[in-house]
Amino acid sequence: MAALQSPKTSSRRSKGDGDGDTRDVILGKYTKIEEIGRGSFATVYQGIHNKYRSCVAIKAVNISSLNPKLKDNLKLEIEILKGLQHPHIVALIDCDESTSCIHLVMEYCALGDLSLFIRKRDTLSKHELTRDMIAKYPNPPAGGLNEVIVRHFLKQLASALQFLRTKDLIHRDLKPQNLLLNPPPSTYAKGLLRIVPYKTREDSFTPLVGVESLPMLKIADFGFARSLPATSLAETLCGSPLYMAPEILRYEKYDAKADLWSVGTVLFEMVVGKSPFRAGNHVDLLRKIEQGEDNIRFPIQTEASPPLKKLIRSLLKRNPVERLSFKDFFESSVVKGNIPGLVDEDLQAQRERDSRLAAHAARRDSLPSRTSDGKLEDRPPSSASSPRPPPSNFTRPATSPAVRHVGSRENPDLQRVAVKARKASVASVTGSPSKEELRDHNAKGPVTEQPGPTSPAKERATTRKNSSDQRIDDILDSERERAAQDVAFERDYVVVEKRAVEVNAFADELAASPRFQQQQQQQLIPKQAGAIVRRATTTATPQLSSSPRDAMSRAVATAYNRPRTGSTHNRHNSYDRRYGPSPTSATSAISKALNKASGRLFGVSFSPPLALTKAGRSPPIGYNAFPAYPLAEGNLAVVGDGAKIQPPLDEDTKVLHIIEEIATRSDVVYGFAEVKYKQLAPLTPSMQADTAIKPVVSPEVVDTPEANDTGLTVDAIFTLSEEALVLYVKALSLLAKSMDIAGAWWARKNRGETIGNSPNVNVGCRVNNVVQWVRNRFNEVLQKAEYSRLKLLDAQRQLPYDHAHHASQVGRVSVGALAHSSDQVVISSGITAEKLMYDRALEMSRTAAINELTGEDLPGCEIAYMTAIRMLEAVLDSDEDHQLSGERAGEAANTVSNEENGEVNGLQGEDREIVAKLVASIRIRLTALKKKIALMTKRTSAPAMVSPARTPACQPPAASPVVPQASSR
């Protein structure tokens, strides 16, 4: 809130000026002095223009997580924003790029933001820059700001929004923190600031509307969220949802009217002193908005006029259709009319300014002006609140070739959600006559034109007219193409973004539930191993969070080479059950089974064998495949022998078991994908010695020759990448399905429906634990899927043009939503997750059967059988079952489709029958193996271990399992 810090000291600070490490940094024409703010993606510093000795704000945007294409798109957007010159919008002055940051030089606003202004309302009378304002317009004893100040800020905010509407732009993140304040122009004349802000124009700090003696409002942070990764909808949801429109909170498509809701919330906070709806997360916020039913109540002590309250209520309508339109908002008496309650001094100044503006408008109306095509026209008079025209060098986003990269195939941002409202009509964009008007004009022209010889001047005029028509046609075609691209772009990417946000939002809601928190606290008393902590950063390195913003922003080019040995105990200490005699033996055995089967798929090696590699092993050291998700007691009934009669379960417990079953299947698929992934991003020799190291592959290192020198050929990298990608996508679908079932269960709980009389009070807590695990795993898989996609694209570019797997060749299919990214992702024909999983399960069951016959590693055989069953259950799992809930979803995953010839997830009816028979045969083998192990354990005096050499003597060998052959799909 303090005005300026540097004027009290020197404009340049020496190295030994008390701040130790704090030093001035010269950035071209500017000097960065000290930090004045910090956000999610950037740090704001106060700076000085070296030549003019005026203040600027330098915003350092961290670009370490951006690949080169995203950097180029950001630069293009910045160049466009330089043309948005308006007194009530913080101007982008300059841009300077370093190796790790892009420094955005912007106008400096000395009074901070509006949220700080409201919070410090009681101390404004003591500040030298606001003392006179409070003396004239004191704030009410209770509530927010004086209504004169509120209306003054509203007029300036409306002026900026009206300017943005002429450009078909929406801000999408209006909130008090993004509304910056500058002292009135009289402050500089009085010399209260020794260093004045840098001006991009003479009228940069001259208000268009409002009272000249009051602070000047400017909209900040406009447009940058559209270009930065993992922003837009996702960042806003995670950042400050208090000012978001309900249609955004409902994940619906929204238009420019979302800004009007934000204006209503900001206006309410200025009047009352707090936001109209307050909640801990956006789920509770939406619930409060819906429960309010558009009944906006003001505290009794609020000093606000009825017109102002009416305007706020008309803006805070849940339904965008019922919400006040922009036209009515700009024409409302509160925005357009005079401000009541002005003191005589300001009232006289207001009248003088209105007279000057009226005289200026009259002179301007008397002069003709030229349109963009060279014709003369008369401009209508503009009101005092109308925005000033942009400078002649302003680059229109709608017609700039650079902007056409947004939403096109050249834009590589996978996670962006296109939410900017654009119009295909070019009339409002360019100010030129529309195509229909030109046709009418051309049709009427020959009627009034007298025949005669064509003069050179007339020929030039005709040429200009034809060129203008051609230019209009080109602009219209460009706009249509761009609109189509944006529609396709939003349709393709909003699914991934929305799903990631929904998963994290539901996990947040469940973790914040008081009933679950109380149960978890009760569990911590008798047991040291408590529940999973909300937002536990188990999916990546400790410095990264698992929020949707971080997960999506780093998914573009970040992957994590981390062993999971050390993380197994920390992640799953909520569960008691683990397969095998110890956690390490189970994971070791199943890892061995996965590794042995990795080179024998389909008769050829889809996972590259050692012959394809220059060095290294497959898979690398440090991989623990299973079980990363241990089940609770009693959940082995699905894979058991069926002879053990289970007690009847209540509905809550059934839902819990179904959720855990699907989550376990997803973990098996994840473990299979990890075998591929670990070969794409192997551990370095120094990291293999210490399995606790979790290296992070930065986006800039991914494309370097050193990072790609993994000992794999290009063909091997291509095969591994596409196999890992389809497996990760399958794991994501299973994780989403388990979350959908949990969400349906939770919704019925909140509606008060009696689902079941569960004798186990910990069922809800266990569901919460599963949901938190699924959330963390979902974010991790999303990151690794994006890394696999980038590796696949890189391998495609390195393949020869005539190679069968080159992107230009035919016979390829896409991989769902991921394939519609700007860098087209294509998967080789015949490569599906279901086929990979089927062959892997088949290979594992065969290997386990051989080991069982020879008496080798019987506990490992048991785990291999169970893993194969889980993987085949995942093959039978249908994406169409996602809408099912409760027991129906679990049954759908374990039964064959009734449609004999119908195709589900690429599997024909006969193929599903083969898979079901294979599951049944493996279950029989598992039952026999369990009986054998139980008998051996009973006969031995040492229950810990039985020598493999004595195994055949203790139990006669079982018959070889009947394993059906894979069908040609």
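Yeah, the Cβs are placed from backbone N, Cα and C, and that goes for glycine too.
Feature annotation from Swiss-Prot assigns active site, proton acceptor to D173. A sphere of 10 angstroms centred on the C-beta of D173 (active site, proton acceptor) encloses 24 other C-beta atoms.
Residues or ranges marked as ATP binding site by Swiss-Prot: I36, G37, R38, G39, S40, F41, A42, T43, V44, K59. Close to A42 (ATP binding site) in the fold, though at least 6 residues off in sequence, lie K59, A60, V61, N62, L104, each with a CB less than 8 Å from its CB.
What Swiss-Prot records for 14-23 (among others) is compositional bias 'Basic and acidic residues'.
Positions annotated as compositional bias 'Basic and acidic residues' by Swiss-Prot: 351-380 (among others).
What Swiss-Prot records for 434-443 (among others) is compositional bias 'Basic and acidic residues'.
The compositional bias 'Basic and acidic residues' feature in Swiss-Prot is assigned to 457-471 (among others).
The compositional bias 'Basic and acidic residues' annotation in Swiss-Prot covers 881-890 (among others).
According to Swiss-Prot, the feature compositional bias 'Low complexity' maps to 960-969.
If you look up Swiss-Prot, you'll see 30-335 marked as domain 'Protein kinase', on the strength of sequence analysis.
Annotated region 'Disordered' per Swiss-Prot: 1-23 (among others), in sequence order.
Sequence annotations record features per position, and here Swiss-Prot assigns region 'Disordered' to 351-471 (among others).
Residues annotated as region 'Disordered' in Swiss-Prot: 563-587 (among others).
Positions annotated as region 'Disordered' by Swiss-Prot: 880-907 (among others).
Look at Swiss-Prot and you will find 941-969 (among others) tagged as region 'Disordered'.
Packing around R38 (ATP binding site) is summarised by its Cβ count: 11 other Cβ atoms lie within 10 angstroms of its Cβ, all protein chains included.
Here the C-alpha separation of D173 (active site, proton acceptor) and R38 (ATP binding site) works out to 17 Å. Over the domain 'Protein kinase' (30-335) the predicted model carries a mean pLDDT of 84.
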